[in-house]
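Student: Here it is: the structure, laid out below.
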Amino acid sequence: MTILAIVIFLLTLTFVIWQPKGLDIGITALIGAVVAIITGVVSLSDVLEVTGIVWNATLTFVAVILISLILDEIGFFEWSAIHMVKASNGNGLKMFVFIMLLGAIVAAFFANDGAALILTPIVLAMVRNLGFNQKVIFPFIIASGFIADTTSLPLIVSNLVNIVSADYFDIGFIEYFSRMIIPNIFSLIASILVLWLYFRKSIPKTFDTENLSDPKSAIKDSKLFKLSWIVLAVLLVGYLVSEFIQIPVSIIAGIIAFIFVILARKSKAVHTKQVIKGAPWNIVVFSIGMYLVVFGLKNVGITTILGDVLTNISNYGLFSSIMGMGFIAAFLSSIMNNMPTVLIDAIAIGQSSATGILKEGMVYANVIGSDLGPKITPIGSLATLLWLHVLTQKGVKISWGTYFKTGIIITIPVLFVTLLGLYLTLIIF
C-alpha cells in the first residue's frame, strides 16, 4: 500500500507539472484522487476531511483573482505601474525598485498569481515602450515575477499556500498578519538588495520618459475605477473583522467579488463573461484532488517520517526549528510543487512532538519556505509555469536552465533573511 500511495502521488504530480496536450490540472488531480479512493489508499471520510481543509482557501483564491481580473480590465494596474515609472523621474534604479514595491503591494492584496500574471505583461509592455533592449528587459521581468512570490507573506489571502496553512492550524487573519508582516518586510528589502546586486550591470542609470503615456489614458472606465477604491476598502475592512465575527475569509471575498462583478456588468470596458471564465475555477477541483492524493501519503505513514525529522530538529531550539523547516519546505516545493508540499509539511508538523513557540515557528516557516522555495525551479509553482508560458507568447523566452541558475542564486539568501525575520518576530514579540 505504501508503494502504491507513492506511485499515485508521483504520477499525479508528474502529469500536473507536465500537462501533456494541455491536460487540465484539475482533471489530472481528480483522476489521481479517484484512483486513490478505488485502491483504498484514501477513504470517503478523507474526502470530507480534505474538502473541509481546502474549500475556504480555494474559494478565497478564486474570489481574489476575480477581483484582480476586473481591476486589470479597467486599467487599474497599468495606471499604478505608469505612476511608479513616472515617479522614478528617468532614474533606472528607482524604476527597478518602484516596480518591485508595486509588485509587493499587488501580491499582498491580490495574491502572488495576480501580481505575477497581471503585472508582468504590463511591465513588459512598458519597458519595451521605453525602448529597452532584451538585456535590460530581463531584470525587470524576473524582478516582477520574483517579488510576487517573495512578498506574498503578509496576509492570509496573499497566497493560496497561506490560506491552506492558516485554515489547517486555525490561525485568524490578524494573528497571521502580526506574525508575518515583519518577515515580509525583511523579504522585500532582501529581494530588492539581492536582485539589484545580481542585475546591477544590466539596469540603465537613466532612461527617456518621453514615450511614457499619461496614467489617465490607462483607465478604461473612470466611474468603475473610482468605485474600485471603495470596493477594495470594504474588502480590507472585511478581512480585518472576519476573525472577530467568525466568518470565513472566502465568504467576505466572495460577496465583494460578486458585488464587483455586478457593478462591472454595466461597464463597456469589462467583458464579465470572459472575466468569470478566466477565473481559476479548476484550482478548486485541483486542490481537493491533489490533497486527497497527499492524504494517501499520510495514511501509509510517509508524513510520520517527516514528523520525526521535525521532532529532532526542534530539539535544537527555535532558530534551528525555523531554519530547518523553512529550508525543508523550500527544497520540497522546488522539486515537487508548493501546493502538495505545504499540506505534507503541515501534517508532519502536527505529527511531530514540537509544541508552543517551536511549533508556531515551524508553522510559519513552512509557509515562508513554500512561498519562496518555488522560485528556485520552474516547477515549484503552477503560477511560475503559467508565467513562463505567458512570457513565451509575448516573445520573451526564458529557458529552464536560465531560470534555475537565476532562481537558486537569488532565492537562497532571501529565504534565509526572511526566516531570520520570523525568528526575531517570535523572540521579540
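Positions of Cβ are set from backbone N, Cα and C atoms, glycine also.
Pasting the relevant annotations from Swiss-Prot:
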TRANSMEM  3-23  transmembrane segment
TRANSMEM  25-45  transmembrane segment
TRANSMEM  50-70  transmembrane segment
TRANSMEM  98-118  transmembrane segment
TRANSMEM  136-156  transmembrane segment
TRANSMEM  179-199  transmembrane segment
TRANSMEM  222-242  transmembrane segment
TRANSMEM  244-264  transmembrane segment
TRANSMEM  275-295  transmembrane segment
TRANSMEM  316-336  transmembrane segment
TRANSMEM  372-392  transmembrane segment
TRANSMEM  408-428  transmembrane segment
Student: Determine which residues of the chain contact the transmembrane segment (222-242) at the Cβ level, with the cut-off under 8 Å and only residues 6 or more beyond its ends counted.
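Tutor: 67, 70-71, 74-76, 79, 109, 155-157, 173-174, 248-249, 251-253, 255-256, 259-260, 263-264, 267, 269-270.
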Student: Can we call the transmembrane segment (50-70) and the transmembrane segment (316-336) in contact, meaning three or more C-beta pairs below 8 angstroms at a sequence separation of 6+?
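Tutor: They are not in contact.
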Student: Under 8 Å for C-beta pairs, could you tell me which stretch among 136-156, 275-295, 372-392, 408-428 has the largest tally with the transmembrane segment (25-45)?
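Tutor: So the stretch in question is 275-295.
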Student: Can you say which of 3-23, 372-392, 408-428 has the most Cβ pairs under 8 Å with the transmembrane segment (275-295)?
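Tutor: The stretch I would name here is 3-23.
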Student: Could you pull out which residues elsewhere in the chain have a CB under 8 Å from any CB of the transmembrane segment (244-264), counting only those six or more residues past its ends?
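Tutor: Apart from its flanks, the transmembrane segment (244-264) reaches 55-57, 59-60, 62-64, 66-67, 70, 73-74, 156-157, 163, 173, 224, 227-228, 231, 234-235, 238, 270, 272, 275-276.
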Student: Can you work out which residues elsewhere in the same chain, 6+ from the ends of the transmembrane segment (3-23), have a Cβ less than 8 Å from its Cβ atoms?
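Tutor: Sequence-distant neighbours of the transmembrane segment (3-23): 29, 31-32, 35-36, 39, 41, 286, 289-290, 293-294, 296-297, 299-300, 302, 336-337, 340, 379, 382, 385.
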Student: Taking the transmembrane segment (372-392) as the reference, which of 98-118, 179-199, 316-336, 408-428 gives the largest number of Cβ pairs under 8 angstroms?
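Tutor: Stretch with the highest Cβ contact count: 316-336.
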Student: Taking the transmembrane segment (408-428) as the reference, which of 98-118, 179-199, 316-336 gives the largest number of Cβ pairs under 8 angstroms?
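Tutor: Going through each listed stretch, the top one turns out to be 179-199.
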Student: Quickly jot the same-chain residues contacting the transmembrane segment (98-118) by Cβ under 8 Å, restricted to those at least six beyond its ends, or write none.
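Tutor: Same-chain contacts beyond the ends: 61, 64-65, 67-69, 71-72, 77, 80-81, 84-85, 87-88, 140, 143-145, 147-149, 151-152, 154-155, 157-160, 184, 188, 191-192, 195, 232, 236, 280, 371, 381, 383-384, 386-387, 390.
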Student: Same-chain Cβ contacts of the transmembrane segment (316-336) under 8 Å, 6 or more residues past its ends?
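Tutor: Non-local partners: 13, 306, 309-310, 342, 344-345, 349, 354, 357-358, 361-362, 364-370, 372-374, 376-377, 379-381, 411, 415-416, 418-419, 422-423, 426-427.
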